[in-house]
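Here is what TrEMBL records for this protein:
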TRANSMEM  6-25  transmembrane segment
TRANSMEM  37-56  transmembrane segment
TRANSMEM  125-144  transmembrane segment
TRANSMEM  181-205  transmembrane segment
TRANSMEM  263-281  transmembrane segment
TRANSMEM  287-303  transmembrane segment
């Protein structure tokens, strides 16, 4: 169990997940039962209050030719499916996540990187800002739905179909039910699944930022090793550098199965999600759609920034090695440096299967594809 403590890595992100009961102590049976309950009950709540009623609304409105635009229905169905899948798969990757958390925060073997504290503050601040944005956006969307409820009631009075007005998201059900009950059920489902799912994307940015502090720390170790004149001491320091480099890369490698098992489905959905939200901007609740588009764009931006940084910085270790006075070392030391140089030619990556890996180029490609989807839906 990685304990959430103020001033420690991932405090903002894991603190919020703890509030939602999604970061637990695996030695506590009550916490495990609560975690398992949330893992089943929350997705079920999301499906029953959002996915199914919205899909029914889309079908009924289309067949009845009511005159209501279904752009929001399409957005909710597509993005809602991505949210529930991200939430469920991330919960199932709990053990992998905690192993990475422990390795990221462990400084016993190689010491604490000088820039770790400032990086922790920076990441925690961004985490809080992102949390506030998602919460505020969800509340603003709720306000917008109440404003649009008047128009919905006017349409409902002129058609035979029973429209449920005043709900958080479009709904149709084959039976009567209090709309306020649906509204609060949808709001709870959104709050409990959307925010954690967003944080499961953001945490990879934190992982990479923490790794970058270690790469900077490794550079200091390397510089210090070749300042040393004593051969035995220099060899000892260089061995630590080799081990440290291997340790950093091993942590980076652990991110790959974690990402694939938790959010590995998103690369296929990003462009579709952005396309449907952009289409909604032109048809229904434009301000609300812009808010959600901002949240999804931020999630993709975190991953793209993290992937690009991880790629560039792990590749950049070879430049640091080349700038050292490695040619003044012994033959054995030169072999160690050459080994590290060779390993640095293979950069660590955050996979975005089947589209390569997360980087700036992928971000642009997704946006261009999303624009194509939007124009297709508008046409």
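Quick reminder: no glycine exception, Cβ is built from N, Cα and C everywhere.
No curator has checked TrEMBL annotations; they are predicted automatically.
These figures come from a predicted structure and were not determined experimentally.
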**Message:** Is it the case that the transmembrane segment (37-56) and the transmembrane segment (181-205) touch, counting contact as three or more CB pairs under 8 Å in which the residues of each pair are 6 or more positions apart?
**Reply:** yes
**Request:** Mind checking which residues of the chain, 6+ beyond the ends of the transmembrane segment (6-25), have their Cβ under 8 Å from one of its Cβ atoms?
**Result:** 31-32, 34-35, 38, 91, 101, 104-105, 116-117, 120, 123-128, 131, 192, 195-196, 199, 202-203, 206, 210
